[in-house]
Amino acid sequence: MRKMLATVLSQVFSGMVQKPALRGLLSSLKFSNDATCDIKKCDLYLLEQGPPTSTVLTREEALKYYRNMQVIRRMELKADQLYKQKFIRGFCHLCDGQEACNVGLEAGINPTDHIITSYRAHGLCYTRGLSVKSILAELTGRKGGCAKGKGGSMHMYAKNFYGGNGIVGAQVPLGAGVALACKYLKNGQICLALYGDGAANQGQVFEAYNMSALWKLPCVFICENNRYGMGTAIERSAASTDYHKKGFVIPGLRVNGMDILSVREATKFAADHCRSGKGPIVMELQTYRYHGHSMSDPGISYRTREEVQNVRSKSDPIMLLRERMISNNLSSVEELKEIDADVKKEVEEAAQFATTDPEPPLEDLANYLYHQNPPFEVRGAHKWLKFKSVS
């Protein structure tokens, strides 16, 4: 009788597990709801106190972060494949290896806050809300792209995301301008202005520092230090590699950019600093890119394969999060494999769309050049007025 009862219960639970909703319920029962995780202390500059050295990670957050990081990783690898198949032309800068920066920054701010970055922008496009389909379609120059196929890799845009910028460092003063607008409007919003270690020596970056400090703008200057500006190591291009100290009178912090929780907590700290009216702050994210500078760079002429593999094996951001989730009973190997399979399917479907969606027609070439403002009050007062009908 007891054996028969056990068999019946086993069959009942087996049937329940076949149903996704019940399977998710049963899975959640065996996992912890949250875990307290230690994170590396940040190096501080002109700050008496920094971000916390421990934080709570919920199961829901962990699963979300893991999935988003996997999407970015697979999306970039698919972009590499499409480029080699000549579906993508021109410039293409990939961010695989830097997923913790992309996802961690978004986790530390509000959706209404603003982000502006350089040309390595695909990951931030995704975390700002764009779909994989629209990003890959933009890379292949299709109508369904986020910029209607006209921007390509370096010029993608989303709500409160002012895209990739092709000129090295040019986005930094623009970010200060966005922060000035936030202060002027008194809306409590901030701007994250991202740039790489290669752009950190640009004069316009220091000009933006100065004006932001002078006017106490709510701007977080973020240097993504991936150790190489194109093919030049940071030690060969900068007299000082303490990028978090380059703001002179602006406080700064150096963050482990391979750990999503370190990035998240540092971003929250920096955002609170700006929102409280203390002015700008500089964040240096120590990270690494697995690909070369761009698709035309194999990435092994100025660094060894062993160096890249060493970072992959010891500091990979997805691996670190996966290990943290499993060791804290926030997930299981089997559950994460299911997420991986789901992500792979999503990216494959997006790639199919990006290679079959039609290209924008020639008659769209002159569209979206001018904003259709109301007519000028004085007829004929502006010599360029007749060209506004081109769009």
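Heads up, the Cβ atoms here are built off N, Cα and C, so glycines get one too.
What Swiss-Prot says about this one:
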type	residues	note
BINDING	HIS93, TYR119, ARG120, ALA158, GLY166, VAL168, ASP197, GLY198, ALA199, ASN226, TYR228	pyruvate binding site
BINDING	TYR119, ARG120, GLY166, VAL168, ASP197, GLY198, ALA199, ASN226, HIS293	thiamine diphosphate binding site
BINDING	ASP197, ASN226, TYR228	Mg(2+) binding site
MOD_RES	SER294	phosphoserine
MOD_RES	SER296	phosphoserine
MOD_RES	SER301	phosphoserine
TRANSIT	1-30	transit peptide
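Here the features listed in Swiss-Prot are placed on the structure.
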residue : record                            : DSSP class
HIS93   : pyruvate binding site             : coil
TYR119  : thiamine diphosphate binding site : coil
GLY166  : pyruvate binding site             : coil
ASP197  : pyruvate binding site             : coil
TYR228  : pyruvate binding site             : strand
HIS293  : thiamine diphosphate binding site : coil
SER301  : phosphoserine                     : coil
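Counting every protein chain shown, the number of other Cβ atoms lying within 10 Å of the Cβ of SER294 (phosphoserine) is 18. Using a 10 Å Cα-Cα cut-off around TYR119 (thiamine diphosphate binding site), the recorded positions HIS93, ASP197, SER301 reduce to HIS93. Closest by Cα distance to HIS93 (pyruvate binding site), from the recorded positions ASN226, SER294, SER301, is SER294. Largest Cα-Cα distance over the residues recorded as binding thiamine diphosphate, namely TYR119, ARG120, GLY166, VAL168, ASP197, GLY198, ALA199, ASN226, HIS293, equals 18 Å. When each of the recorded positions ASN226, SER301 is scored by how many other Cβ atoms sit within 10 Å of its Cβ, SER301 comes out lowest. The most densely surrounded of the binding-site residues HIS93, ARG120, HIS293 is ARG120 (count of other Cβ atoms within 10 A of its Cβ). Close to ASP197 (pyruvate binding site), meaning Cα to Cα within 10 A, are the following recorded positions out of ASN226, HIS293, SER294: ASN226. HIS293 (thiamine diphosphate binding site) sits 9 Å from ARG120 (pyruvate binding site), taking the C-alpha atoms as the reference points.
The two recorded residues SER301 (phosphoserine) and TYR228 (pyruvate binding site) have their Cα atoms spaced 12 Å from each other.
Taking CA atoms as the reference points, SER296 (phosphoserine) and ASN226 (Mg(2+) binding site) are 18 Å apart. If you draw a 10 Å sphere around the CB of ASP197 (pyruvate binding site), it holds 24 other CB atoms from the protein chains shown. A Cα-Cα distance of 13 Å separates GLY166 (pyruvate binding site) from SER294 (phosphoserine). It is 12 Å from the Cα atom of TYR228 (pyruvate binding site) to that of SER294 (phosphoserine).
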